[in-house]
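Please read the structure below before turning to the comments.
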Amino acid sequence: MAKKKSTGPQPSLSSSPNGRAKVTAETITTTTTTTTDTTNSYSLLNIWVISLALKILLFIGYHSTDFDVHRNWLAITNKLPISQWYIENTSQWTLDYPPFFAYFEYLLSLLVPRFVANDGCLDIVEIGQYGLPTIYFQRLTVIISELVLFYALQTIVKTSPTLSAKRRMYVATASLALSPGLILIDHIHFQYNGMMYGILLLCINSARLQQYLSCGFWFSVLLCFKHIYLYLAPAVFIFLLRGYCLKFYWNKRKNFFINIFNFIQWINLFKLGSIVILVFIIAFGPFYNVLPQLISRLFPFSRGLTHAYWAPNIWAVYSFLDRILIQIYKKIPMSKYPLLKIFQFDPNSLNNDQLLKTSTRGIVGDIEFFILPNITPKLTFLLTLFYQIMALIPLFIQPTYRRFVGALTLCGYASFLFGWHVHEKAILLVIFPMTLLVARDQKLLTPFNLLVSCGYGSLFPLIFTCNEWLIKVVYTYTWYIIFYFNFRKVVRPSKNNIIGNGIGNGNGKGGGIILDRMVNLYILLFNVVVIITSLFDLFKHKYPVLQNFEFLNLMIYSVYCAIGIISSWNGFCWLYFIDDGIWNQDQ
């Protein structure tokens, strides 16, 4: 029989005394070099350097009042004893983040150079007066704090088990490292979300590695930095409880009560509980004497249902529908009787034009609707809780990493879509965990594309200055185009095709081809929304009549993006509850 011709470098073998082949050092060196090269090719360092250049260029750009918020917190934590941090109210920008973030601000205040302090950076005043030194310093702290995010992203790639998994995770983590949401919110608007989402990703990666104690630790730390992540807490709680603290095993030789007692792994529960409690003691212990004031700062319940700019959720559509019904009632006489009969509202309230202009714009205080029933905090809480519980049931039955990230995503969806006084920036709670899943199956691409296009697009009104318009639009569109194609290169093909599954397949094949095209058309039409609203902003100062419709462009953004995000939620829910193949634990 003829020997097969070698087509590449073969391992070098030498004979050992016992007659067995032995791999030489040359082979080991070659293998090690190949592995090292593969690992280095998935480094995020070059992406960090590229993004760093852009972020530095944004130093002198627009910043929101959040900049002065954090400047005031630097001053409070630097100049006052810890007992007064949550009491001081010289400025309206009072400290209203959990203690770990206050400690973080204190550490930053210790790094303030003298010339920056002399610029007004550490002055406790009602209205801050500062110049470029303060701006440069605070901008730089955001970049430095974001190293936590890049460390977490690189850790996710590094700990991926196979080369194909590394490749998929590299695309996913690169998309998060270059996220338009972080550019707009952190590096223009001004916040520290990058660091916080880095901690969240460390928690998620610990769950993937089945490091349950580490997962609980990181999430506890995260809650002590920013309490908005309480929205994700149910998924983390169920995952740790079911995966680490409960063991369903029935011993027929033992009685009922002993078996029930043995369901709980008490040692694991004690270890996990000790870590969580210790983190919260370290965070809140020094504020024991001012806990009531601290809690009232963290959870102010006097705010309205919607924010000044309606977050693109269910309540944006609800508010829009109320405005439409008001116009129908006023313009179409035949509609008055059926509307009064169905909704039982006071028609005299529609005569107050001043109230009509302000009632549903999300101004702090109680929000009233004129025709539709008013929404209470209790109702929003119950709706959020209901949809979160629905997501937690499959996680409790199947406490795997994939189910965990899916449940995190749905908990983020539920809180964003149904929560009380939701900020548009909270859409990142949904985007970040879902990004880690999207390359898992091509069917996830359709809801993901809807989510990121409408989610990131809904952030555009945050940056309303002309100088930054080109940056926010061009950067976001460039990001979307790059990762639209890159995700398609690495996404895993669907193992099964559910015809009529309520969403597309992500590749325009099978039963979802029509819905895929509808989604793509919807995303393309968002360009029209951007153009119309931009022209409105451009000409409203030239034509005074347009100033009567000041809220119109914000409403267009909110409602259009809300429809897309709600649709992406519906598609993701279908896959989460129906398509079990996506959630299997194979690599």
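Positions of Cβ are set from backbone N, Cα and C atoms, glycine also.
Here Swiss-Prot gives transmembrane segment for one range in the set 140-160, 245-265: that range is 140-160. Relative to the membrane, Swiss-Prot puts R242 on the other side from K542. Listed ranges 101-123, 170-192; the one Swiss-Prot annotates as transmembrane segment is 170-192. Note: the stretches the transmembrane segment (299-321) and the transmembrane segment (467-487) are not in contact (fewer than 3 CB pairs below 8 A, sequence gap of 6 or more). Here the transmembrane segment (444-464) has long-range neighbours at 62, 64, 179-181, 184-185, 188-189, 309, 311-312, 424-425, 427-428, 430-431, 434-435, 437-438, 472-473, 476, 479-480, 484, 487-488, 491, 503-507, 512, 515-516, 519-520, 522-523, 526, 529-530, 533, 537, 553-554, 557-558, 560-565, 567-569, 571-572, 575, 582, meaning same-chain residues at least 6 beyond its ends whose C-beta is under 8 angstroms from one of its own. Panel annotation: around the transmembrane segment (170-192), residues 42, 44, 47-48, 51, 54-55, 58, 61-64, 66-67, 70, 101, 104, 138-139, 141-143, 145-146, 149-150, 153-154, 156-157, 201, 425, 427-428, 431-432, 435-436, 438-439, 455-456, 459-460, 462-463, 468, 471-472, 475-476, 479, 483, 486-487, 489-490 of the same chain, lying at least six beyond its termini, place a Cβ under 8 Å from a Cβ of the stretch.
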